[in-house]
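Feature annotations, reproduced from TrEMBL:
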type	residues	note
COMPBIAS	651-666	compositional bias 'Low complexity'
COMPBIAS	678-693	compositional bias 'Pro residues'
DOMAIN	418-528	domain 'TMC'
REGION	651-726	region 'Disordered'
TRANSMEM	115-137	transmembrane segment
TRANSMEM	203-225	transmembrane segment
TRANSMEM	302-320	transmembrane segment
TRANSMEM	332-361	transmembrane segment
TRANSMEM	427-447	transmembrane segment
TRANSMEM	488-509	transmembrane segment
TRANSMEM	530-551	transmembrane segment
TRANSMEM	599-620	transmembrane segment
Amino acid sequence: MLPPRSVPSERAPGVPEPEELWEAEMERLRCSAAPVRGLPYAMMDKRLIWQLREPAGVQTLRWQRWQRRRQTVERRLREAAQRLARGLGLWEAALYEIGGLFGTGIRAYFTFLRFLLLLNLLSLLLTTSFVLLPLAWLRPPDPGPALNLTLQCPGSRQSQPGVLRFHNQLWHVLTGRAFTNTYLFYGAYRVGPESSSVYSIRLAYLLSPLACLLLCFCGTLRRMVKGLPQKTLLGQGYQAPLSAKVFSSWDFCIRVQEAAIIKKHEISNEFKVELEEGRRFQLMQQQTQAQRACHLLSYLRVNILIGLLVVGAISAIFWATKYSQDNKEESLFLLLQYLPPGVIALVNFLGPLLFTFLVQLENYPPNTEVNLTLIWCVVLKLASLGMFSFSLGQTILCIGRDKTSCESYGYNACDYQCWENSVGEELYKLSIFNFLLTVAFAFLVTLPRRLLVDRFSGRFWAWLEREEFLVPKNVLDIVAGQTVTWMGLFYCPLLPLLNSVFLFLTFYIKKYTLLKNSRASSRPFRASSSTFFFQLVLLLGLLLAAVPLGYVVSSIHSSWDCGLFTNYSAPWQVVPELVALALPPIGQRALHYLGSHAFSFPLLIMLSLVLTVCISQTQANARAIHRLRKQLVWQVQEKWHLVEDLSRLLPEPGSSDSPGPKSPASQASRPRSFCPGFPCPGSPGPRAPPPGPSVVDAAGLHSTCPGPHGTPASARRFRFPSVAEL
């Protein structure tokens, strides 16, 4: 609280009275423009300050009082909503437990999985709101029977009749053929001409995947920028003081034994990360030029070897997909249907293990090891999906191939009458296979391994031990599944629903695997930089899904036999048709101008100017941070010089120069230095004294005192930390 008015007492001349200090403080608070809410005073004192700031003789208007009450109520409701959202957040308790027991690095994986679940639910909400509900509510007119085209397919082979007996209902579910006539796939969406309907289902179906990708891009970009490492602002040499973590890490509101145990594990993991980073930093500073050159050569050797492995894996995926599609009419086609997903899963299973083994040979820091492994796993995963997409395009859309049906219909109409459904089935099978592989690996590999290791003892079982929970591998698995989902938004609109179910089950499977069957890494790492890389990997997967989708929507002819765009040369042609039907000539000219080069060139110039301003502002902020850090150094140096001057003015505790008795309290309250007996850490050192004997100032006090080895304390010089060390 504010100090009350006190009764005047006898004071030294020149010292202001408490009443005067109180009046001066009141006047300063009354004239200050700082908000009352941010002042460090009690609520009663804040009300007094608020009354002092009111104009004299002027009553507050009823409208102003209502505005204040409304703002207060809105603030309290907002805070209550935030507390409720945190309390009802999905998996909050599980994430808290995982973060406390295994560190923030592993917790970042589960948080990332929850973020992907929210993205899928958002995509599903858009598709349901703009496509499925209008389709069920408006009931557009029947488009009539499909076109009966006579395909000229020389040399085509008919399917063997014996193949059908191998099909059963389970196999239809696994391959997606059981849902061919449902809204899961593109071919089931049929509407009449655009002129006969008020709401355009075609336009909604076309723009919904694009809107989903755009919203996912914005959400991922926002999360990536929000999770940028703070070291980019504080400098590479910045390290948080351990003293702050030692004295301020514990939460004294904890009253439950389980929460206390989790909190102790969390603090222990933080200390391990800090000490490991400090040890790595010291080792890097002690390296010689020869050691750095050898390290660089070893780095190049490992990365070249990993690059060769990636090229071989991509080649295997290409030939597996090509063989599976070229042998459609063979009797073993039912087994060959899962050959491309099987090869992709095998490559993506063995690749991260080999990459982790090779990267660990270089003895990188934990964060660098995770990020480097993640980069190579990203290259492998996204390149495998890209090669899979190219193989499908080469087989179905005749990209790079010459066939008679492709010249007549724009795609391989002889083998794929509804090629969108065929692509959707391939992506559906890939998504199903990834989830089944996750379940099988958790309960058929990791669980038996844990049971055997716990049951038997010996050198072999001690060497085998429990499986380590590899964050890069698990992150790449869910990113690959999300990329497949984005790639299938046009061909399989309800694939986000399927992926949401898979992600929800994957969370509990991975949590069980982590808590019961696996062991955490012995080298914990920080979550900030890894979270940034997780979002970057997700953006790369988003771009990989958006490029083929944009090419198909704008350039590839739709199927003649199924779907919404049977009468269009490309799905995007529905946009000019609707513009011509619904907009007046002025609106058409405006849209034409927005899509022309006359608008694109000024827009590009404006964006370049905005980017230049942002970069300039960023550089100005960096310079301001540098100046503030230098100012902080100067202020610390000035304070140390003041301490030095004070130590020269104060006598030694055992000195007998000053007459009169000395009480212990006065001696304790007037120390010579803040660090008696040894130099204070970070002290710049006192100024050099003049030569000769000890100088006595006007007060008759000694200005020097002997050090530990007989040298004057003022003659010692201590190095002050540099800007990078602070």
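Every residue number used here counts from 1 along the chain in the order it is shown.
Yeah, the Cβs are placed from backbone N, Cα and C, and that goes for glycine too.
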Review point. Per-residue pLDDT averaged over the domain 'TMC' (418-528) comes to what?
Key: 86
Review point. Which residues, given as numbers and ranges, are at least 6 beyond the ends of the transmembrane segment (203-225) yet have a Cβ under 8 Å from it?
Key: 115, 119, 122-123, 126-127, 130-131, 134, 189, 486, 489-490, 493, 496, 532, 535-536, 538-539, 542, 545-546, 549, 553, 564, 571-572, 574-575, 578
Check your understanding: By a Cβ-Cβ criterion of under 8 Å, what residues six or more beyond either terminus of the transmembrane segment (115-137) are in contact with it?
Key -> 90, 183, 189, 191, 199, 201, 204-205, 207-208, 211-212, 215-216, 219-220, 223, 478, 482, 485, 489, 493-494, 496-497, 499-500, 503-504, 507, 538
